[in-house]
Amino acid sequence: MSSERESTQAVKTQSRQWRGVLREYADRLNITDATPIITLGEGGTPLIPAPALSKRTGAKVWIKYEGMNPTGSFKDRGMTMAISKAVEDGAKAVICASTGNTSASAAAYATHAGILAVVLVPEGKIALGKLSQAIAHNAQLLQVQGNFDDCLDIARDLSANYPVHLVNSVNPDRIEGQKTAAFEVVEVLEDAPDIHIVPVGNAGNYTAYTRGYTEELERGATTKLPRMFGFQAAGSAPIVLGHRVDHPETIASAIRIGNPASWDLALAAQKLTNGYFGAISDAKILEAYRILSAEVGIFVEPASAISVAGLLERAEAGLIPAGATVVLTVTGHGLKDPQWALRTADGAEITPTVVPVDTAEIASVLGLVKK
Ligand code: F0G
């Protein structure tokens, strides 16, 4: 009797539970009945109105909060697809180069599938939260004495010559899974936005959103393509500069990339959507990081805040039409790299005040007057 009730409850829960992007969008992805579905329930992330940003810019601003994915970044959408297809192909090990989030995601999905993840990260250059995730999920993590671009070159070499399956976004399955974020935006807005803004590292996500929106337009779910705006950190802005950057630098470690893997695809996407690529200084990234956490209530890692910084920069330049619907993707959770929250705008450390166990004393520190 009780087990019957339990199983009914399980079915009920199941029917209300988001099933991950492969099951939710099975008819719009390149999968078949033979594809094993390796999922941790990714996707279905909130699209949140941001009145504070709307007020600052005169646009209708929404935030697609991708930090709400199972490993805390948008990478999970592409990783469920890439790992599922790798397992379908009989892979026993996958490999990726990463600035942190891809490695956390690959590690989680590979271990869930019962296969090995090998991850190559630039030594000392990835956030502690992300490093911890990959290790917690049992990846074989190697810190390479080079930058991300070196790691990707080696991951490509290894996958071409050894039995390890590449799951970086040069693997088309990644982009395919990531396009589902555009589907979710359209479901909420009932059309495409006028402008969609993303951070750019390898430019895989910029490419993926463009593909998702293109498919929505083709099937008649929307009336237009959004203009795709992508932002790179000023010290790491190869697409904006039009040439490879050999020694990329930025505090936004997730997008410290000098030779984007999806560069050509991104330029095609820019052309198709009448899009734009811009560069943002680290100081402006950190300013936007604080605005988003303190005024909107959304905590992201610095790379994600570049979407906000890009919006503010374009709005200040008078290039965001009044009343336009603008969606900003914020790609990774703030808890992955929280150290930046504990500094003021001019870099001083923030140390919370310590108080004794004394109500009157605490009231006085808070400036409260007794009622
Ligand atoms: N935002 C975050 C938080 C990221 O981790 C990345 C990429 C991007 C934006 C840029 O996306 O590469 O599709 O243009 N991170 C990769 C990684 C490189 O290894 O985790 P992109």
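From the backbone N, Cα and C atoms, a Cβ is placed for every residue, glycine too.
As annotated by TrEMBL, domain 'Tryptophan synthase beta chain-like PALP' applies to 38-332. The feature N6-(pyridoxal phosphate)lysine is assigned by TrEMBL to Lys75. What TrEMBL records for Asn101, Gly201, Asn202, Ala203, Gly204, Asn205, Thr331 is pyridoxal 5'-phosphate binding site.
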Longest CA-CA distance among Asn101, Gly201, Asn202, Ala203, Gly204, Asn205, Thr331, per record bound to pyridoxal 5'-phosphate, angstrom: 14
Assigned conformation of Ala203 (pyridoxal 5'-phosphate binding site) - DSSP reduced to three states: coil
Pairwise CA distance, the residue listed as 'N6-(pyridoxal phosphate)lysine' versus Asn101 (pyridoxal 5'-phosphate binding site), rounded so that it is a whole Å: 7
Residue among binding-site residues Gly201, Gly204 with least C-beta crowding, 10 angstrom cut-off: Gly204
Coarse DSSP state, helix versus strand versus coil, of Thr331 (pyridoxal 5'-phosphate binding site): coil
Lys75 (N6-(pyridoxal phosphate)lysine) in three-state DSSP notation: helix
Check: same-chain CB within 8 A of pyridoxal 5'-phosphate site center, minus Asn101, Gly201, Asn202, Ala203, Gly204, Asn205, Thr331: Phe74, Ser169, Val198, Pro199, Val200, Tyr206, Ala254, Ile255
Cβ neighbours of Asn202 (pyridoxal 5'-phosphate binding site) where a neighbour is any other Cβ within 10 Å: 26
